[in-house]
């Protein structure tokens, strides 16, 4: 390509007429960015690791220790924590090491595995947000009447997230597209850049953007939009109800943060990848792709903060577990408020 160099299992956004291009599996890629920039991104990933791992792991520990947290509507929060740990343990650690080395020293197989784990962790997380949005929509808006969530329903929702994640992450392992280094060549993702013969990259990218980005976005906006409108309507019917007013404020704030967290983490990366896909061969710098790619990984930290730490019941139990607070009965948590609002509605 005029603005890039395609090799076996990689694409470098620099033409080889410069004489600088080398395999990202064998040589440091310091011609794409300064060594300090590699180290800076490595430090950023290390920050995500030392913050994301404890929060997600603590979520699992706290849930296991507190029976009152093992409610059907909290199953998906545990699923989010598992997805976050997958990203942190099998994706972030490899990326940190590669940043320090300056290239992807683990070879094409290591790249494929890192890309797979990063994708499946991100997709489980993404679809968990969709299931969470649908669950709250059903509880608050009551489109199915007085529907009660059971452990079976929640388990099915969790299973659905893994099924959808696998339908996105597995195809590149079996020949429909592939995982290659991206950005400054120290982390891996689906091939948005080439028309490599035999991989059908175009059809896979179209499938991924439509089914694994557009559908979740539309679902999240519809469900949370409906939820906010329902809460406002309930508050309008009971102007003197302090609990309803508080529920409106809490649920609205959490919904806004949910949507913002999702958009902040994923839209820059997805938008840039889509631009590269629809303008194949266009000139771009490696760092310009690396920044949104690395930032999307911050979803592993956003999720537990937004979905768990803002839930008073989870927060109180977490503080008690680490010895920083007593076990306070949660009478004003979002989960409780949510039930009050659905009843009032």
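Any Cβ shown, glycine's included, is placed from N, Cα and C.
Around residue 3 (N-linked glycosylation site), the same-chain residues six or more apart in sequence whose CB sits under 8 Å from its CB are 13, 14, 15, 281, 282, 283, 284, listed in sequence order. In the three-state DSSP scheme, residue 3 (N-linked glycosylation site) is classed as coil. What TrEMBL lists as N-linked glycosylation site is 3 (among others).
As annotated by TrEMBL, N-linked glycosylation site applies to 16 (among others). Counting only same-chain residues six or more apart in sequence, the Cβ atoms lying under 8 angstroms from the Cβ of residue 16 (N-linked glycosylation site) belong to 5.
The transmembrane segment annotation in TrEMBL covers 41-64 (among others).
Residues annotated as domain 'G-protein coupled receptors family 1 profile' in TrEMBL: 55-307.
Sequence-distant contacts of the transmembrane segment (76-104) (same chain, at least 6 residues past either end, Cβ-Cβ under 8 Å): 24-30, 35, 38-39, 41-42, 45-46, 48-49, 52-53, 55-57, 59-60, 63, 110-111, 113-114, 117-118, 120-122, 124-125, 128-129, 131-132, 135, 154, 157-158, 161, 181, 185-188, 294, 297, 299-301, 303-304, 307-308, 311, 314. Per TrEMBL, transmembrane segment is recorded for 76-104 (among others).
Feature annotation from TrEMBL assigns disulfide bond to 111-188. Under 8 Å, Cβ to Cβ, and six or more positions away along its own chain, residue 111 (disulfide bond) finds 9, 25, 104, 179, 180, 181, 188. Residue 111 (disulfide bond) falls within a helical segment according to DSSP.
Feature annotation from TrEMBL assigns transmembrane segment to 116-134 (among others).
Residues 75-76, 79, 83, 112, 115-116, 119-120, 123-124, 126-128, 130-131, 134-135, 190-191, 204, 208, 211-212 of the same chain lie 6 or more positions beyond the ends of the transmembrane segment (155-174) yet place their CB under 8 Å from a CB of it. Per TrEMBL, transmembrane segment is recorded for 155-174 (among others).
Positions annotated as Zn(2+) binding site by TrEMBL: 202. Every protein chain considered, the tally of other Cβ atoms within 10 Å of the Cβ of residue 202 (Zn(2+) binding site) stands at 13. Reduced to three states, the DSSP call for residue 202 (Zn(2+) binding site) is helix.
Among the features that TrEMBL reports, transmembrane segment is placed at 204-224 (among others).
Summarising the annotation, TrEMBL assigns transmembrane segment to 255-278 (among others).
Here the transmembrane segment (290-310) has Cβ contacts under 8 Å with residues 33, 41, 44-45, 48, 51-52, 55-56, 59, 77, 80-81, 83-84, 87-88, 91-92, 95, 118, 121-122, 125-126, 129, 132, 182-184, 186-187, 189, 254, 257-258, 261-262, 264-266, 268-269, 271-272, 318, 334 of the same chain, all six or more residues outside its ends. According to TrEMBL, the transmembrane segment annotation covers 290-310 (among others).
Reduced to three states, the DSSP call for residue 297 (N6-(retinylidene)lysine) is coil. Within its own chain, residue 297 (N6-(retinylidene)lysine) has 45, 48, 87, 91, 92, 95, 118, 122 as residues 6 or more apart in sequence whose C-beta sits under 8 angstroms from its own. Sequence annotations record features per position, and here TrEMBL assigns N6-(retinylidene)lysine to 297.
It is 204-224 that, among the stretches 41-64, 116-134, 204-224, forms the most Cβ pairs under 8 Å with the transmembrane segment (255-278). Cβ neighbour count for residue 188 (disulfide bond): 34 (other Cβ atoms within 10 Å of its Cβ, all protein chains included).
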